[in-house]
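A.B. asks: Below are the features listed in Swiss-Prot for this protein:
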ACT_SITE  Lys11  active site
BINDING   Pro108, Ile109, Gly110, Ala111, Gly112, Leu113, Ala114, Gly115, Gly116, Ser117, Thr118  ATP binding site
ACT_SITE  Asp150  active site
Amino acid sequence: MRAYTLIAPAKINLFLQIIGDHLQQDQPTGYHNLVMVLQSVSLSDELQLRPLSGEARSLRLDPPILLHCDHPQVPLDQTNLVYRAAALMWQKFPGQAGVEITLHKRIPIGAGLAGGSTDAAAVLVGLNLMWELGLTQLELQELGSQLGADVPFCIRGGTSLAVGRGDQLSPLPDLEGIYVVLGKYHDLSVSTPWAYQTYRQQFQASYAQTLEEQEQRRQQGGSGALLKAIAHRDGGQIGQLLHNDLEKVVLPAYPRVEYLRQQFANQSPLGTMMSGSGPTVFALADSAAAAEEIYAGVRGAIADPYLDLWICQLCNQGIQVQPL
């Protein structure tokens, strides 16, 4: 049985519009109806999957899953999405060999970059190969949807339009080659449930109330112009059309995030925005040199030892596999 290394890219949002409450037969489900453009970036975690060693098998783990991580704040039990992904596969395909997972964490935790989701996606892809299950990408995405709304996207990666709860995906043309500078304070996190609940409290009166109204709102929204810019790979237009409704509630509540966004904007990028519910802010650049200038400008403007910055690129794929 082979062992595998998997590269799991982070994800940012280029567009996030809240249409209203997610409805089934005009009844709210408790989620939001969203229109998003999701984008993989080259900042990645790395996972190694291998069959359990004899020593590990002697521990009689149930399920037979052993997780290691080089980040001290990452839990190693069922509270970790990586562990839950492996447990889900074991539940669906019992009797397979146990697995030992080593996670090398590079994507910051609590950053809104789908770090947990992309790691879970890597486990699904890796176990499908290791156990020789022969599952299709669509079947893996259906399993992933049981773990979280971002997991199906992270399996395929690249650039996608996501609607509904965010799990109805349509692939878009690749944007590989555009650079992105990411910024996050490592002592700061934003609760995603808080962000959406606060948005609902403040803006529910403006929600589209029926499925028909929501579809009209979606078609009239700004995503169409962004999709056209993506089709033409027009980085300047893409940068100008970035949009995130959650900025309306997160930025006023988190002045450091708002200040970081302003400092990114001061560097004249193609565009800048908070990703998802934050607190990560990003700026797009059309070259490595421009990205370096943005990085240096923000670093010089914010003398905060808790601010982490990364330069990476938009990338055109999700989970990448390398046999060990």
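Yeah, the Cβs are placed from backbone N, Cα and C, and that goes for glycine too.
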A.B. asks: Judged by the number of other CB atoms within 10 angstroms, which among Pro108, Gly110, Gly116 is the least packed of the binding-site residues?
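C.D. replies: Per-residue Cβ counts within 10 Å for the binding-site residues Pro108, Gly110, Gly116 bottom out at Gly110.
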A.B. asks: Far apart in sequence but close in space: which same-chain residues, 6 or more away, have a Cβ under 8 Å from Ala114 (ATP binding site)?
C.D. replies: Ala10, Lys11, Asp150, Phe153, Cys154
A.B. asks: On a simple 10 Å Cβ count over all chains shown, which one of the recorded positions Lys11, Thr118, Asp150 is most densely packed?
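C.D. replies: It comes out as Thr118.
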A.B. asks: Within its own chain, what residues at least 6 apart in sequence put their Cβ under 8 Å from the Cβ of Gly112 (ATP binding site), listed in sequence order?
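C.D. replies: Listed in sequence order: Val190, Thr192, Ser275, Gly276, Ser277, Gly278, Pro279, Thr280.
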A.B. asks: Give the helix, strand or coil assignment DSSP yields for Gly112 (ATP binding site).
C.D. replies: coil
